[in-house]
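Q: Here TrEMBL flags 38-61, 73-93, 105-129, 141-164, 201-220, 274-293, 313-333, 340-363, 375-401, 408-431 as transmembrane segment.
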């Protein structure tokens, strides 16, 4: 395998969600300077789900007009759109227009919608494109997809977004209504530190990352050393050789696991027919569930689950969870366990840890072990295991479906978006409408 091709696949995958992930980590810096305030995350959730019109269109085209859509051209369009939109955000994110008698961040919301269309559509275009390369490069692509969340988070940490210092603050407290005596109370107060560089610079950085993704995609299509890695072509010194008589080219063979029996009775009409319809349903159900948890459900309550344990616990859990995603992909590169039983067991274990995280978020601002140092450590470890285990499951499912063919990867991307949509629809009313969760104070945790 070519290390150069691995690098290109990683950079290509990095462009899949880097824009939206970057926008989310920049919220603490954006929110104080726009009229929507902290209602903005709710608006962003709605816009991202509306952007699923992109993957819906691609999926329907593959279903009803197979071969009519130029997949490569579509990828060029969406990467270019993402680069332009993030670049324009650097100039117009603070601009407002009066709508219905009130100032609104129209430019920010419109450009965010385009970014969401780009990132959501990448799920049903980037993955199928990886069929052009050997199966091993799909895992590297998933590593890049994980880096798309890690890299903006690390840059935001360098920027100093959301860094809190607890400082002593004094105020007067009335003791009784019958006397005029007051008591001076000293308590810690959270003070957010100014950023090391502006949001404009951060958006230009995101635009540069999208351009890197575009260059990587160009090289994946046209560089001679990458052409040798195509499974459906035979190359000698970069020149394609024709198939010899009596020898079947890999393009004519099914993309199946080499360890499977060559003559195996088809169990279904899905892909290579290796899996029965019940197994196919089982794989897609797990894929939808895992993405609902990791993409929308648990991230929407991360601050509630971690903040009561202190600002350090919150930043550690966010950063190490972001590191866990590409780490899981890296592990899967060397230890790809495709057992459906193991996949189900790991999903149950990760979901159980996710249930603990959700339970602590519900109990916020007074979760278990809130006044104990071990409480924060347990929460950080819970987030690491949760992301590590379920990210591994996602990669293994991607490898399984890659063996089933191009159409299976299109459906893989569609189910990923469906799971994310279901998670968002479930969590949005719980967080934003019914106020089921209460934020903890990073400096003052007052619990009995």
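Positions of Cβ are set from backbone N, Cα and C atoms, glycine also.
Whatever TrEMBL says is automated annotation, not expert-curated.
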Q: For the transmembrane segment (274-293), name the stretch out of 73-93, 141-164, 408-431 with the most CB-CB pairs under 8 Å.
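A: It is 408-431, which has the most Cβ pairs under 8 Å.
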Q: How about the transmembrane segment (408-431) with the transmembrane segment (313-333) - do they touch, taking at least 3 C-beta pairs under 8 Å (6 or more apart in sequence) as contact?
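A: Not in contact, no.
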Q: Considering only Cβ pairs under 8 Å, which range in 38-61, 73-93, 201-220 makes the most contacts with the transmembrane segment (105-129)?
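A: Answer is 73-93, with the largest number of Cβ pairs below 8 Å.
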Q: Could you tell me whether the transmembrane segment (38-61) and the transmembrane segment (141-164) are in contact, taking contact to mean 3+ Cβ pairs under 8 Å with a sequence separation of 6 or more?
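A: As far as Cβ distances go (cut-off 8 Å, pairs 6 or more apart), the transmembrane segment (141-164) and the transmembrane segment (38-61) do not touch.
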Q: Between the transmembrane segment (375-401) and the transmembrane segment (38-61), are there at least three Cβ pairs closer than 8 Å, leaving out pairs fewer than 6 positions apart?
A: no
Q: Mind checking which residues of the chain, 6+ beyond the ends of the transmembrane segment (38-61), have their Cβ under 8 Å from one of its Cβ atoms?
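A: Contacts of the transmembrane segment (38-61) (Cβ under 8 Å, skipping residues fewer than 6 from its ends): 20, 23-24, 27, 30-31, 68-69, 74, 78, 105, 109, 112-113, 116-121, 123-125, 296, 300, 410-411, 413-414, 417, 421, 424-425, 428, 432.
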Q: Which sequence-distant residues neighbour the transmembrane segment (340-363)? Criterion: at least 6 residues beyond either end, Cβ under 8 Å.
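A: Non-local partners: 279, 282-283, 286, 289-290, 293, 297-298, 301, 304-305, 308, 379, 382-383, 385-386, 389-390, 392-393, 396-397, 436-437.
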Q: What residues in the same chain, six or more past the boundaries of the transmembrane segment (313-333), come closer than 8 Å to it by Cβ-Cβ distance?
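A: Answer is 136, 139-140, 142-147, 149-150, 153-154, 157, 162, 302-303, 305-307, 376, 379-380, 383-384, 386-389, 391-392, 395-396, 399, 442.
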